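Before we start, here is the structure in question, set down as structure tokens.
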Amino acid sequence: MHGYFGCNAAAEPGYSAFLGTPQICVTKMSTRNCQGMDSVIKPLDTIPEDKKVRVQRTQSTFDPFEKPANQVKRVHSENNACINFKTSSTGKESPKVRRHSSPSSPTSPKFGKADSYEKLEKLGEGSYATVYKGKSKVNGKLVALKVIRLQEEEGTPFTAIREASLLKGLKHANIVLLHDIIHTKETLTLVFEYVHTDLCQYMDKHPGGLHPDNVKLFLFQLLRGLSYIHQRYILHRDLKPQNLLISDTGELKLADFGLARAKSVPSHTYSNEVVTLWYRPPDVLLGSTEYSTCLDMWGVGCIFVEMIQGVAAFPGMKDIQDQLERIFLVLGTPNEDTWPGVHSLPHFKPERFTLYSSKNLRQAWNKLSYVNHAEDLASKLLQCSPKNRLSAQAALSHEYFSDLPPRLWELTDMSSIFTIPNVRLQPEAGESMRAFGKNNSYGKSLSNSKH
């Protein structure tokens with residue numbers, strides 16, 4: 001259940017974040033690639049002082065149920081999620097997350113209360129959180145309880161505040177749902193919908209590459225979720241198979257928003273210590289701290305190839321240098337002609353890299369040639385120059401998806417793709433339909449179900 005907590009999600013030293021609704025005018029963006037995406041972000045020095053709100057990892061007087069006092073400043077968003085900043089007696093601002101419990105009798109279990117959930121089993125442990133499978137005493141549903149340990153000296157982990165603040169405002173079938181937030185003196189608990197596995201575990205269970213139809217449905221759902229958050233100017237920043245949850249019916253859900261960032265916030269540079277090395281784009285590996293949604297799209301390309309080929313696209317074994325060499329071996333060593341501006345990146349030293357020519361992707365990953373249009377889509381996602389990468393919205397319109405039912409593009413945000421007739425997963429190699437049980441939606445091939 002790595003997707004619920006993310007072992008590498010500890011906050012970077014000295015890291016600050018800005019939360020809230022964009023206070024800027026957004027221009028129309030290209031739907032073909034990531035070029036021009038950064039133009040919608042105002043530099044920090046152009047934002048009036050009274051519009052700047054900073055959250056730091058400080059000792060917290062965190063109480064999600066306290067009514068706002070007069071000294072509380074509110075940062076609103078269009079979806080009514082908000083983060084409050086209450087000025088303490090020391091003059092520092094400490095983060096507060098507000099939520100409202102539904103009315104109930106004094107003796108019945110309530111949302112927002114620790115005794116409303118029963119822990120069933122431990123699922124895993126990260127650097128600052130432990131995840132349990134649990135059950136709600138309010139409605140009887142299974143949940144995942146992400147229990148974050150609060151350190152008296154450090155206060156509430158910043159990544160937890162970021163994750164909660166973003167997820168409370170995201171409602172989409174392909175994004176893990178945050179049901180509840182519980183705060184006690186010792187812990188902060190995020191209560192998520194329970195999803196039984198992740199893409200990493202799913203691929204480990206089915207080595208050698210997944211069924212092509214299933215790859216297509218998983219990728220479509222990943223792009224749906226990303227398109228939704230990117231349209232809201234949010235970057236995930238930590239895409240990897242462990243952070244993509246898979247339900248027993250085949251629904252894919254983006255999870256672990258601990259490193260996610262609202263890109264509409266007035267900040268041009270972000271930490272480059274994000275994204276597991278295998279899924280980290282070359283611009284970030286080379287020290288770039290100015291990036292946008294194209295950061296996530298590189299990860300999509302890596303995951304796409306891995307689902308088809310059955311092995312990681314760029315499995316670096318040593319360090320950043322080794323990771324870059326593996327990328328350049330396939331895509332070619334960049335220069336100013338193929339990647340304008342690459343020489344200005346902090347860690348790009350041409351003499352350090354072997355000079356490789358680019359090759360067709362099927363030479364590196366032969367199974368791409370077995371699937372119509374897969375190589376073309378992968379090549380448009382795995383572009384060294386970030387501005388050349390396809391956007392999530394454009395990728396959804398790629399010919400690779402042309403044999404899917406048109407109604408998939410008409411679904412509302414909260415509607416699952418499996419509500420469309422004949423859209424269902426296929427048994428993976430060596431599995432029978434019986435192995436999945438009666439609740440799973442396996443059936444005839446997608447190639448025969450366009451409508």
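Any Cβ shown, glycine's included, is placed from N, Cα and C.
Straight from Swiss-Prot, here's the annotation block:
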MOD_RES   SER60  phosphoserine
MOD_RES   SER77  phosphoserine
REGION    84-114  region 'Disordered'
MOD_RES   SER116  phosphoserine
DOMAIN    117-401  domain 'Protein kinase'
BINDING   LEU123, GLY124, GLU125, GLY126, SER127, TYR128, ALA129, THR130, VAL131, LYS146  ATP binding site
ACT_SITE  ASP238  active site, proton acceptor
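Help me see these features in their spatial surroundings.
DSSP classifies SER116 (phosphoserine) as helix under the three-state reduction.
When other Cβ atoms within 10 Å of the Cβ of LEU123 (ATP binding site) are tallied across all protein chains shown, the result is 19.
The number of other CB atoms found within 10 A of the CB of ASP238 (active site, proton acceptor), across every protein chain shown, is 26.
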Looking only at C-alpha atoms, tell me how far ALA129 (ATP binding site) is from SER116 (phosphoserine), rounded to the nearest Å.
19
Cβ atoms within 10 Å, counted per site: which of ALA129, VAL131 has the most, among these binding-site residues?
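For the binding-site residues ALA129, VAL131, the Cβ with the most other Cβ atoms within 10 Å is ALA129.
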What's the CA to CA span in angstrom from GLU125 (ATP binding site) over to SER116 (phosphoserine)?
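For GLU125 (ATP binding site) versus SER116 (phosphoserine), the Cα atoms are 22 Å apart.
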Test of understanding: give the count of other CB atoms lying within 10 angstroms of the CB of SER116 (phosphoserine).
21
Have a look around GLU125 (ATP binding site) and count the other CB atoms within 10 A of its CB, chains all included.
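Its Cβ has 13 other Cβ atoms within 10 Å.
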Whole-number Å only: compute the distance from the Cα of SER127 (ATP binding site) to the Cα of ASP238 (active site, proton acceptor).
15
Which of the recorded positions LEU123, VAL131, ASP238 has its Cα nearest to the Cα of SER116 (phosphoserine)?
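That would be VAL131, the closest of LEU123, VAL131, ASP238 to SER116 (phosphoserine).
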Suppose we draw a 10 Å sphere around the Cβ of SER127 (ATP binding site). How many other Cβ atoms does it contain, all chains included?
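Here the count is 15.
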